[in-house]
Amino acid sequence: LVGGMGRGEEEREVRGGAPPGIRLLRALRGRWGPGAGGQREFRRRRKAYKCVVLALTFAAYACYHASRKPTSIVKSVLDPEPPRRGARPLPWPVGDVFVVRGPEEEAFLSAAAEAGGAYRRRKKGWAPFDGEDGTVKLGEVDLAFLVFYSMGMYVAGHLGDSLDLRHFLAVGMVGSGCFVGLFGMGYFWGIHVFGYYIAMQVLAGLFQATGWPSVVAVVGNWFGKRRRGLIMGIWNAHTSVGNIGGSLLAASVLDYGWGWSFILPGGLITLGGVMVYFFLAAYPEDVGMPGGESSHGQVDEGGKDEEEAGAAEESGAVASSEQQTGSTNRGTAVGIVEACRIPGVIPFALCLFFSKLVAYTFLYWLPFYLSQTEIGGEYLSVKSAGNLSTLFDVGGIVGGVLAGYISDKLRARALTAASFMYLAIPSVYAYHRYGSASKTMNVVFMMIAGLFVNGPYALITTAVSADLGTHGSLKGDSRALATVTAIIDGTGSAGAALGPLLTGVISRSGWHSVFVMLMIGAFVAGALLSFLVKAEIVQIIRQHRKPLSESARQTGSEGTAAEPLLRG
């Protein structure tokens, strides 16, 4: 076993499957491949590789989301509204973290408040976003990014199943960083041409589309279905961590010019792309491990420990004469049409359309809303609003983990997602209705809304996509992971494009209409899963009836009395 594993791994390294960084570490520390120690040593190394994969994909997609936040942070700088008097810092400890005003900003607020109505006519915005149609133009910038992100997702998913995921993801991250940074360079180059910013968003959206199908496919290659909801729910915190980090990073350099709010996140994701290229083992075969559980159906479905299953697979894989050779031999990629025929793909994709419409409206417009809304009789500064909006994503982290855990326990993804979407309706209403009463109420209801809005969004884009990408109808072909993920998230991204665009138009007549739109979107998202929810409820009832039925048969006469109840 040990000799065969060593030779198999060596063959893969000759073919170039292992990432350069791992090959370098092996050369420096001695061979960190399968060797003496048997199955226990094998399981230890497999767990180590899994941890590295989770950490790298977590950091990679956190960088993706961090690079999307600058536009929401700088909205109020590009198209400022007249500031109001009475904006005072929040008390410690919240004030020191979320409300930061320098002396220059205080002087500016005072002067602008004294100017009154004349401020709007001579405000210090950034052309072409400082006109009367400034909010519409900002909405169009978001639309350009999200439309091409959505369109690129379908192509990126198929390419991700056809190309090496490590190379594909690294190129996408570096390209994203370049165009995010070039958007910010418009500040330093004094560019006021609207088409330039649209073009940068279009190109950034296309490169950003490489991220999600790739990271979900990589994790799906390494992890089986058992506990996938909980693992991916925790792992999916990268979305909220990226949003929080991106908001804080962009807001921290806002005083030096809004261009820096783009350049720093752009540099961060570029650095992340370099790390992915050197250290991410996108496939278990790349580092001498047997194929991931997803590539052989659900190996751990019968309750067997996935590490034991992996060790058993290794024995069979080595004994077989057909050794897989890293990323060079993994079957044929599934087409988009064939992937759409997988049961559950279309309903979950449509559900995600409306779920992301709600989530991305908060993502892109919450900082702007906070800076323009009186909260407890006061108004927050642009930087304070950007920092405070990160608490929505803190609630989202809890929601993603909770949704994954519940769906694992119930074995009901659709029921969990629909329940969260229905609960999001009163949460969003409560935030709009009572969030302005005080700062404490705003924080509490913001985090609750984040929990129920981001919970199903996280569940569908991770565990559900991975489940469907390894569906039994594929007959063991794991090359559908990225394609299925792209179909679901690409459809969802179309909703993500529509939400911020409609908000830019609707908000001109008041924020009440925006929140009505969000509540309708949450309801439709839950309703679209009705048929799947019904099927899962029936399955849960049958699973609970089975033990009762078996117990009744064993107890003789008691079983006869219980039969009518069971049939009922």
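Cβ atoms are placed via backbone N, Cα and C, with glycine included.
Unlike curated entries, TrEMBL annotations are predicted automatically.
Copied over from TrEMBL:
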COMPBIAS  312-322  compositional bias 'Low complexity'
DOMAIN    55-538  domain 'Major facilitator superfamily (MFS) profile'
REGION    291-328  region 'Disordered'
REGION    549-568  region 'Disordered'
TRANSMEM  48-67  transmembrane segment
TRANSMEM  138-156  transmembrane segment
TRANSMEM  168-190  transmembrane segment
TRANSMEM  196-223  transmembrane segment
TRANSMEM  235-254  transmembrane segment
TRANSMEM  260-280  transmembrane segment
TRANSMEM  345-366  transmembrane segment
TRANSMEM  386-407  transmembrane segment
TRANSMEM  414-431  transmembrane segment
TRANSMEM  443-468  transmembrane segment
TRANSMEM  480-502  transmembrane segment
TRANSMEM  514-533  transmembrane segment
Contact check, the transmembrane segment (196-223) vs the transmembrane segment (480-502), 3+ Cβ pairs under 8 Å, seq sep 6+ = yes
Lying 6 or more residues past either end of the transmembrane segment (235-254) yet within Cβ distance under 8 Å of it, the residues of that chain are 54, 57-70, 72-74, 77, 219, 260-262, 264-265, 268, 363, 367, 382-383, 386-387, 389-390, 393-394, 396-397, 400-401, 404, 450, 454, 458, 461-462
Top Cβ-contact partner of the transmembrane segment (386-407) among 138-156, 168-190, 345-366, 443-468, 480-502 (pairs under 8 Å) = 443-468
Is it true that the transmembrane segment (414-431) and the transmembrane segment (260-280) have 3 or more Cβ pairs under 8 Å, skipping pairs fewer than 6 apart in sequence?
-> no
So which of 168-190, 260-280, 443-468, 514-533 is most in touch with the transmembrane segment (345-366), counting Cβ pairs under 8 Å?
-> 514-533
Okay, the transmembrane segment (168-190) and the transmembrane segment (260-280): do they have at least three CB pairs under 8 Å, pairs separated by 6 or more?
-> yes
Please work out which recorded stretch in 168-190, 443-468, 480-502, 514-533 has the most C-beta pairs separated by under 8 angstroms from the transmembrane segment (138-156)?
-> 480-502
By a Cβ-Cβ criterion of under 8 Å, what residues six or more beyond either terminus of the transmembrane segment (480-502) are in contact with it?
-> 139-140, 142-143, 145-147, 149-151, 153-161, 165, 209, 212-214, 216-217, 220-221, 294, 333-336, 338-340, 342, 345, 348-350, 352-361, 364-365, 457, 460-461, 464-466, 468-471, 474, 514, 517-518, 521
Sequence-distant residues near the transmembrane segment (514-533) by C-beta distance (under 8 Å, 6 or more away from its ends) are 344, 347-348, 350-355, 357-358, 361, 365, 412, 414-415, 417-419, 421-422, 424-425, 428-429, 431-432, 453, 456, 495, 499, 502-503, 506-507
